[in-house]
Amino acid sequence: MDVVKLQKQLVDYRASLYHEAFLDEQFTQLQELQDENNPDFVVEVVSLFFEDSERLLNELAKALEQQSIDFKRVDAHVHQLKGSSSSIGAQRVQKVCITFRNYCEEQNVEGCLKCLQQVKHEYSLVKTKLETMFKILAAGGSIPM
Amino acid sequence: MGMAAESQFHVLAVDDSIIDRKLIERLLKTSSYQVTTVDSGSKALEFLGLHEDDTTNPSTPCVSPNNHQEVEVNLVITDYCMPGMTGYDLLKKIKESSSLRDIPVVIMSSENVPSRISRCLEEGAEEFFLKPVRLSDLNKLRPHLMKTKSKDQHQKQEKQEEKSAFQSPKQQQQEKEEHQQQQQASNNKRKAIEEGLSPERTRPRYNGITTVV
């Protein structure tokens, strides 16, 4: 695939991620922090986000399976997930976390379980999108600034 | 020591989130600061050469094998919400310590809670940044760092006083920050908390500018 086509593909793909609110301007900030001296910054941060999120989603599932749910603990995990998704610009994940925290405050089990499903879904969507974008990058496209 | 090069400012960043630590480190390095990151308030105090229960030790804590007093820290930037010692607790400990209280402290938080913000500012925090922190936020650090440097340099201080005979240094700083703020009008949404705060602290947009949100 020639470079021009790849570039276009990348630009379009990236635009769609913003358009559909998978990513917000914070992601742009991350890209601006990347330079020749730190060429892998975005990939590194996003990889940390993937690792951290998966850990948190596991913890959340465990916490919500308990007989007597510790909502403070659940809320603490969601707070962390909300923070990290906000830091990389994963807007849809962040939004679900906000709703999730409200349910925690209300100690609403059903609401929490629903949100857990939703956040898992949004997380897997943004993960796929970002991985696709990195694949295009690796294939030779570059992100025009 | 001649003119201090910018890269000599050493910032200690404290955050329990590995993602945010990476982010703040990159932001600080991009702004030409030397950075050390730690993941907790207690580790921060350790690095600063202070022990948790040691609030009044005026000089070198001789007990610790890791005496970091030679490693100068010019500013501490810390997350507010951390397990164990919060950023607020850390701020208090620093301000209560005679050896550390002059180090400027900046608090970061993902939550825009006015009472939290005023509490931190009242306890002596220089700034309160909403997360995610941007490069433009870090520009606000410079005046605080320059202030610390000029404390040892009387000449610089005299020059400032000469130049601004009618203004207190704080007003001067406010104007400087105001100018920066005007250039960042698009960041208004991040400063939603200011409306209710006392004008005494360094929340510089109080001189008649009401278009905050």
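The backbone N, Cα and C atoms fix where each Cβ goes, and this holds for glycine too.
Curation plays no part in TrEMBL annotations; they are all automatic predictions.
What TrEMBL records for B:10-146 is domain 'Response regulatory'. In the domain 'Response regulatory' (B:10-146), helix, strand and coil residues by DSSP number 50 helix, 24 strand, 63 coil.
Cβ contacts within 10 Å of B:D79 (4-aspartylphosphate), excluding its own Cβ and spanning all protein chains shown: 27. Sequence annotations record features per position, and here TrEMBL assigns 4-aspartylphosphate to B:D79.
Taken from TrEMBL, the feature region 'Disordered' covers B:147-213.
According to TrEMBL, the feature compositional bias 'Basic and acidic residues' maps to B:149-164 (among others).
Positions annotated as compositional bias 'Basic and acidic residues' by TrEMBL: B:191-203 (among others).
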